[in-house]
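Only one structure is covered here, and it is reproduced in the block below.
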Amino acid sequence: VIGGVECNINEHGFLALLYSRRFQCGGTLINEEWVLTAAHCDMRNMYIYLGVHNVSVQYDDEQRRYPKKKYFCLSSRNYNQWDKDIMLIRLNRPVRNSAHIAPLSLPSNPPSVGSVCRVMGWGTITSPQETLPDVPHCANINILDYEVCRAAYPELPVTRRTLCAGILEGGKDSCNGDSGGPLICNGQFQGIAYWGADTCAQPREPGLYTKVFDYTDWIQSIISGNTDATCPQ
């Protein structure tokens, strides 16, 4: 996260670290057995840490898990094509809630343009050169009109299952390593970080976030055992 500050140790109990030999992505614990992240964060030999604040300090209640099963939203038969950048991971066993671990519930209504949102992660705090912090950083950004992102990135599809969020004048943004992590607006989990410009936090080049609200039915169906649930078109 660019332009942020160290997150309060008590505000990110749902934030997961996804590793495969090294730190790759963030994720969000949505109940004791499930983590939501971005599809492009999928990797082999993944393991997931919860309850971490400083990566160089071991916490008593830190818990490590593996994916038992991964669910994707594939919109076509081309399995290499992530049209919808969302992945739901069932953990190999549930985590216990503790001082530093608590899930974040799914949103009950969609966010509105202008909402103030908190983005968080262990991604780089400088750009384009990368500096990975030991602690997660948090910043407040705004939901912007989707047309701001379409103007910045003309190749974007017209689809609205994506949130455009940032600061118009630049200076605060998610960045490399924050992918898969949450965007929280008015206390609700509204977005999953997935894409932005090569240099982060530039004016008029906001970040893109998968719109969690549009996928809540799909997520809840899978969690309740209907693993053939279809994604929103």
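Including glycine, each Cβ sits where the backbone N, Cα and C put it.
DSSP classifies His40 (active site, charge relay system) as helix under the three-state reduction. Annotation comment: Swiss-Prot describes His40 (among others) as active site, charge relay system, evidence class similarity to another entry.
All protein chains shown were included, and the count of other CB atoms within 10 Å of the CB of Asp85 (active site, charge relay system) stands at 23. Annotation source Swiss-Prot lists active site, charge relay system at Asp85 (among others), citing similarity to another entry.
In the three-state DSSP scheme, Ser179 (active site, charge relay system) is classed as coil. Annotation for Ser179 (active site, charge relay system): same-chain Cβ neighbours under 8 Å, separated by at least 6 residues, are Cys25, Gly26, Thr37, Ala38, His40, Cys41, Gly123, Ala193, Tyr194, Trp195. As annotated by Swiss-Prot, active site, charge relay system applies to Ser179 (among others), with the evidence given as similarity to another entry.
Per Swiss-Prot, disulfide bond is recorded for Cys7-Cys138 (among others), and the stated evidence type is sequence analysis. Cβ contacts within 10 Å of Cys7 (disulfide bond), excluding its own Cβ and spanning all protein chains shown: 20. In the three-state DSSP classification, Cys7 (disulfide bond) falls within coil.
If you look up Swiss-Prot, you'll see Cys25-Cys41 (among others) marked as disulfide bond, on the strength of sequence analysis.
Other Cβ atoms within 10 Å of the Cβ of Cys231 (disulfide bond) number 17 in total over all chains. DSSP assigns Cys231 (disulfide bond) to coil in the three-state reduction, placing it in neither a helix nor a strand. The feature disulfide bond is assigned by Swiss-Prot to Cys73-Cys231 (among others), with sequence analysis given as support.
Residues annotated as disulfide bond in Swiss-Prot, with sequence analysis given as evidence: Cys117-Cys185 (among others). When other Cβ atoms within 10 Å of the Cβ of Cys117 (disulfide bond) are tallied across all protein chains shown, the result is 22.
In this structure, Cys164 (disulfide bond) is part of a beta strand by DSSP. Feature annotation from Swiss-Prot assigns disulfide bond to Cys149-Cys164 (among others).
The Cβ of Cys175 (disulfide bond) lies under 8 Å from the Cβ of Val1, Ile2, Gly123, Thr124, Ile125, Ser127, Gly196, Cys200, Ala201, each on the same chain and at least six residues away in sequence. Annotation comment: Swiss-Prot describes Cys175-Cys200 (among others) as disulfide bond, evidence class sequence analysis.
Taken from Swiss-Prot, the feature domain 'Peptidase S1' covers 1-224, and the record attributes it to sequence analysis.
As annotated by Swiss-Prot, N-linked glycosylation site applies to Asn54. The Cβ of Asn54 (N-linked glycosylation site) has Asp134, Val135 as same-chain neighbours under 8 Å, each 6 or more residues away in sequence.
Cys231 (disulfide bond) and Cys149 (disulfide bond) have their C-alpha atoms 24 Å apart, to the nearest angstrom.
Comparing C-alpha positions, Asp85 (active site, charge relay system) sits nearest to Cys73 among the disulfide-bonded residues Cys73, Cys117, Cys138, Cys164. Residue pair Cys164 (disulfide bond) / Cys138 (disulfide bond) shows a Cα separation of 18 Å. Counting every protein chain shown, the Cβ of Cys164 (disulfide bond) has 24 other Cβ atoms within 10 Å. Around the Cβ of His40 (active site, charge relay system), 16 further Cβ atoms fall within 10 Å across all displayed protein chains. Each of the disulfide-bonded residues Cys73, Cys185, Cys200 was scored by how many other Cβ atoms lie within 10 Å of its Cβ, and the smallest score goes to Cys73.
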